[in-house]
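Engineer: Mind looking over this structure? Questions follow.
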Amino acid sequence: MPTNTLTPPDTTIGAPPAKAPRMGWLDALRGLAALVVVFEHSLDVLLPEVRQATGPWFDFGRYGVFVFFLVSGYVVPFSLERRGSVRQFWLGRFFRLYPAWGVSVVLALLLGAAGLSYGVPAAIGDRPWASALAHLTMLQDLLGVPNVVNVFWTLSYEMVFYLLVTAMFVAGVHRASARVALGFGVGAAILGVALPSGLLASRWPGGTVLAAALLLAGGLAAMVSRNRGLRRTGVAVAAALALVLLVLNSRIGAIESLCIIATMFAGTAIRGIQDGRLRPGPAAAMVAIVPALTLAAGLRAPTSWALHANPNPLGLDWSIAVGAAWLTFLAGLALRNRSMPRVFVWLGLVSYSVYLLHPLVIQAIWHAAGRDTWGLSAPVRAVWGVVLLATVLTSAALAHRYVERPAQNLGRRLTARRRSSAAPAPSAASAPQPAHP
């Protein structure tokens, strides 16, 4: 079947997909990225001297999250292709993301109520229903809604990426990842300076949240339909929602938003080249341009007439951090056939819980240390640092053992049950397709 036809999402399934083996190098990258993000968020509390010395030159937080974005781009789209089912992909994503996320939301609210955190943003209380709905979509950072936990902002970009990947899969153009990455990179470098930030949310805050939630639900429902016309509509709705939020309504600005999606699709293209899905010459050339465009975009300042945009460029520290993230990912890729340190592989397994829970631990320790941690001696701050790391790793291990793993196992049982009840015959859509750049 031609690659540009909208094939029924579930008709590509014959035998249950084999469980993909874990890649130790990816777990090691996740573990490293999680530790760096924890380090970044602990600087203001425990290591202000490091912040002052490195701040103008390197953004540890952006380094960590861009490593995460590259890993997601490398892994997630092939989870969808392996499953061959939009329904099962989103069911898997739900049980992968939402249970631990829900625990972190509850803990954040409890710590806030107990006065053991920086406090929940006041804007959330102004429109609680809109805030709750926005967070349930995980698009809150693109809907003008403050994050209950500050690190939630990256999940909004993960969700946009999933929407675009799903739309491309249903439309049969999922082998175009290199071209898509290049397109977003060019958009970031050339158009990003002129695009607004928070345009829709500043004018219609509640309406934007409600409309996005309805479009998200409707688009996903249409894309899993067996009706070809509805699937076409679902593709259009999902892609339009993702693109409109990226270019018009992001909190961080269109330049960085477009750079993030370009980076994720570049990770997808690298995997496609490696697995033989993409022709290596054209695809590699396109991918090689993406980090250059991203670094250049980070040094450009938005135009004075870009509505609500930050007048300052992302900065040299941002560009250096993103470049370092690329080098780290490529180093991991080059070492993929070697065994990785067990501690980093384990950290990769619990990295999602580390990422979600560490801000809450940092806030609690800040209160426990008397809120004036800058006045503490270096040895005392070092002790608090050890306590912080031990608490983060312990809480993450518990969350992984008692929340993440049971939820993922439940998701696997549900998808296996759906496969056994449906069990359709394989269709021509499951036949190998030619490589595309």
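Numbers run from 1 along the shown chain.
Glycine is treated like the rest: Cβ placed from N, Cα and C.
Predicted automatically and left uncurated, TrEMBL annotations should be read as such.
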Engineer: Among 28-46, 180-198, find the range that TrEMBL records as transmembrane segment.
Structural biologist: 180-198
Engineer: For the transmembrane segment (60-80), what are the same-chain contacts with Cβ under 8 Å, counting residues 6+ beyond its ends?
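Structural biologist: For the transmembrane segment (60-80), the sequence-distant neighbours (Cβ-Cβ under 8 Å, at least 6 residues beyond its ends) are 20, 26, 29-30, 32-37, 39-41, 43, 54, 86, 89, 92, 154, 157-158, 161-162, 165-166, 169, 174, 177, 260, 263-268, 270-271, 275, 317-318, 321-322, 324-326, 328-329, 355.
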Engineer: State the residues, same chain only, that lie 6 or more residues beyond the ends of the transmembrane segment (343-362) and have a CB under 8 A from a CB inside it; answer 'none' if no residue qualifies.
Structural biologist: 24, 26-35, 37-38, 41-42, 45, 68, 96-97, 100-101, 103-104, 107-108, 111, 117, 149-151, 388, 391-393, 395-397, 399-400, 403-404
Engineer: Using a Cβ-Cβ cut-off of under 8 Å, list the residues of the same chain that are 6+ residues beyond the ends of the transmembrane segment (100-120) and lie near it.
Structural biologist: 135, 138, 148-149, 152, 155, 352-353, 356-357, 360, 363-364, 366-367, 399-400, 403-404, 407
